[in-house]
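Trainee: I am attaching a structure below and will ask some questions about it afterwards.
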Amino acid sequence: MSWITPELIEIVVAILKAIVILLVVVVCGALLSFIERRLLGLWQDRYGPNRVGPFGMFQLGADMLKMFFKEDWTPPFADRLIFTLAPIVAMSALLMAFAVVPVTPTWGVADLNIGLLFFFAMAGLAVYAVLFAGWSSNNKFALLGSLRASAQTISYEVFMALALMGIVAQTGSFNMRDIVEYQAQHTWFIIPQFLGFCTFFIAGVAVTHRHPFDQPEAEQELADGYHIEYAGMKWGMFFVGEYIGIVLISALLVTLFFGGWHGPFGILPQLSFIWFALKTAFFIMLFILLRASLPRPRYDQVMAFSWKFCLPLTLLNLLVTGAFVLAAQ
């Protein structure tokens, strides 16, 4: 057994950690579809799913079975290869982006010094998946939806990145673990970077194409947008991917602005995973509450809001942060 070296054991443990974390993320994304329907029913004074199992608890299993057995149909005039690759690229980009999010002091898939840059690289890759889906479907509604989605994502990613430059200026690092530890030694960034938090949260909702920024999938205008031609497991990958995106943005908000796995004032540090999960769940509920309470604006209003309101606010935050950093030196 001389081939079993400490390096090999370390590699195997790292791979197992990555598999466990990514499986938890996928399961959470799938469960969110049921949780959202139940919460929307509660807030809108109706029952929600309540037919399969007690209190509708087995509805998710029924939906998964239905998805598995639906016909995996491809439009006759579609580009079959690109049409198939689009949901795979979308799901892969989301899971790879989650790799740089530290869950606890010891649990995380990858501890990269360029963690923030890696996240934005994967977020940019997801834009290609949306364009692939719309163009390869050979459907005008799908193409319009993909063009809307790509323009919206690229626009909001601009100040999404700028919103985090204030954090980078204060910590001097793109590493997410360094950012979390900096907050433990000083204060959570929600206080000194409040403007950055607001713009990052707005951009996160827009990048995940969630209500009220779901114009790329507007049923009344585009009949579900770029996944109109998808069915079966391909559609399921887009569907679950949307909820994984919610988990990802919520986890990033916790990591970058709310101390990551640390509790308030350093309370009960041994419950690091519980603190991280509770804070992430709060932002997930906030995503669902936005869907239940806000109307959908016009697409031109969404784009004007990004460039005329959010971008100047982000630049103001960056200017103020730079002034404080220079004054502190």
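Here, residue 1 is simply the first one shown, and the rest follow in order.
The backbone N, Cα and C atoms fix where each Cβ goes, glycine too.
When I checked Swiss-Prot for this same protein, it listed these features:
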TRANSMEM  11-31  transmembrane segment
TRANSMEM  81-101  transmembrane segment
TRANSMEM  114-134  transmembrane segment
TRANSMEM  154-174  transmembrane segment
TRANSMEM  187-207  transmembrane segment
TRANSMEM  238-258  transmembrane segment
TRANSMEM  270-290  transmembrane segment
TRANSMEM  309-329  transmembrane segment
Trainee: Mind checking which residues of the chain, 6+ beyond the ends of the transmembrane segment (81-101), have their Cβ under 8 Å from one of its Cβ atoms?
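Mentor: 18, 21-22, 25-26, 74-75, 108-112, 115-116, 118-119, 122-123, 125-126, 128-130, 132-133, 135-137, 176, 229-230, 234-235, 237-238, 240-241, 244-245, 247-248, 251-252, 255.
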Trainee: Would you kindly list the residues that approach the transmembrane segment (114-134) from elsewhere in its chain, counting only those six or more residues past its ends and only Cβ-Cβ distances under 8 Å?
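Mentor: Answer is 82-83, 85-87, 89-90, 93-94, 96-97, 99-100, 142-147, 149-150, 153-154, 157, 160-161, 164, 168, 174-177, 207, 216, 225-227, 230, 238, 252.
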Trainee: Count the CB pairs under 8 A between the transmembrane segment (11-31) and each of 187-207, 238-258, 270-290, then give me the winner.
Mentor: 238-258
Trainee: For the transmembrane segment (270-290), could you work out the same-chain residues 6 or more beyond its ends whose Cβ comes under 8 Å from its Cβ atoms?
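Mentor: Contacts of the transmembrane segment (270-290) (Cβ under 8 Å, skipping residues fewer than 6 from its ends): 32, 35-36, 39-40, 43, 103-105, 107, 205, 208, 210-212, 246-247, 249-251, 253-254, 258-263.
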